[in-house]
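Below is one structure; the comments refer to it alone.
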Amino acid sequence: MKLQAVIFDLDGVVTDTAHLHFLAWRRVAKEIGITLDEQINEQLKGISRMESLARILRSGGAEQRFDEPQRVQLAQRKNALYVESLRQLNMSSVLPGIRELLNELHVNGVGVGLASVSLNAPQILQALGLERLFDFCADASRIKHSKPDPEIFMAACTGLNVEPRCCIGIEDAQAGIDAINACGMLSVGIGTALLQADLRLASTDELSWASLQTFWLTKHRQQAV
Ligand code: G6P
Ligand code: MG
């Protein structure tokens with residue numbers, strides 16, 4: 001079976017905005033008396049803005065203190081801090097190996113999709129100078145369920161007009177790996193702690209057209225046996 005498309009997560013795969021999300025949430029959390037550590041942060045990757053806030057409030061035992069309008073305000077404050085921090089992004093903020101991989105996928109006629117639940121995704125791709133290298137970006141504003149629900153990856157497959165089993169998904173979050181697997185795509189995890197990834201790589205450095213091709217062929221040979 002031919003590989004038809006590769007679908008990328010954004011934060012933590014294409015660029016290191018995962019850390020910027022953390023810094024913005026940590027500041028907002030501190031303002032309301034909650035200490036946010038890296039461990040909770042791991043559980044926010046791939047999770048929408050409002051759901052992330054709900055998890056932070058839960059972790060600090062503060063769920064009852066904030067009603068819906070106050071939560072919206074907190075989420076807006078976090079986003080304002082986050083968007084401010086995005087001003088530091090430029091074409092050199094793309095993680096190692098990603099731009100080269102995107103170019104090679106194009107040259108080899110493999111579709112390229114984005115499956116990020118971030119509402120800031122379009123402006124981030126623009127800041128990185130990558131928007132033309134993506135054939136289809138799933139629209140986060142139309143997505144009802146955060147990862148690990150497969151909805152955003154399915155939307156990317158639909159937009160690219162490909163079947164999930166003909167695709168590879170790349171993620172840095174456990175929720176994202178679970179979403180990819182739930183679609184029936186092959187999953188590539190960036191980070192050694194991810195469970196159930198079909199291929200685990202320590203960093204994007206190790207991602208290349210050659211490594212993806214080998215992975216694809218090996219998996220399909222195994223299935224054929
Ligand atoms: C990605 C990130 C999450 C973030 C979500 C929403 O999935 O991994 O940490 O909460 O996008 O991002 P946004 O930019 O819309 O607040
Ligand atoms: Mg991510």
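Cβ coordinates are placed from backbone N, Cα and C, and glycine is handled just like the others.
For reference, TrEMBL has these:
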ACT_SITE  Asp9  active site, nucleophile
ACT_SITE  Asp11  active site, proton donor/acceptor
BINDING   Asp9, Asp11, Glu171, Asp172  Mg(2+) binding site
BINDING   9-11, Trp25, 44-49, Ser52, Lys78, 116-120, Lys147  substrate binding site
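Recorded features from TrEMBL, shown on the structure.
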| residue | record | DSSP class |
| --- | --- | --- |
| Asp9 | active site, nucleophile | coil |
| Trp25 | substrate binding site | helix |
| Gly46 | substrate binding site | coil |
| Ser116 | substrate binding site | coil |
| Glu171 | Mg(2+) binding site | strand |
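Ranking the recorded positions Asp11, Gly46, Arg49 by C-beta neighbours within 10 Å puts Gly46 at the top. Cβ neighbour count for Leu119 (substrate binding site) (all protein chains, 10 Å cutoff from its Cβ): 14. Inclusion criterion for the recorded positions Asp9, Asp11, Asp172: a C-alpha placed within 10 angstroms of the C-alpha of Ser116 (substrate binding site); this criterion is met by Asp9, Asp11. Excluding Asp9, Asp11, Glu171, Asp172 themselves, the residues of that chain whose CB lies within 8 A of the CB mean position for the Mg(2+) site are, in sequence, Phe8, Leu10, Gly12, Val13, Ala18, Lys45, Gly46, Ser116, Ile170, Ala173, Gly176, Ile190. Listed binding-site residues: Trp25, Arg49, Ser116, Leu119. Those with a CB atom under 6 Å from ligand 2: none. Every protein chain considered, the tally of other Cβ atoms within 10 Å of the Cβ of Glu171 (Mg(2+) binding site) stands at 29. Around Trp25 (substrate binding site), the same-chain residues six or more apart in sequence whose CB sits under 8 Å from its CB are Leu36, Asn41, Leu44, Ser52, Ile56, Lys78, listed in sequence order. Ranking the recorded positions Asp9, Asp172 by how many Cβ atoms sit within 10 Å of each one's Cβ puts Asp9 at the top. Considering only the recorded positions Asp9, Gly46, Arg49, the residues lying within 10 A of Asp172 (Mg(2+) binding site) on a C-alpha to C-alpha basis are Asp9, Gly46. In this structure the C-alpha atoms belonging to Arg49 (substrate binding site) and Glu171 (Mg(2+) binding site) are separated by 18 Å. Candidates Asp9, Gly46, Leu119 (recorded positions) were compared with Glu171 (Mg(2+) binding site); those inside 10 Å Cα-Cα are Asp9, Gly46.
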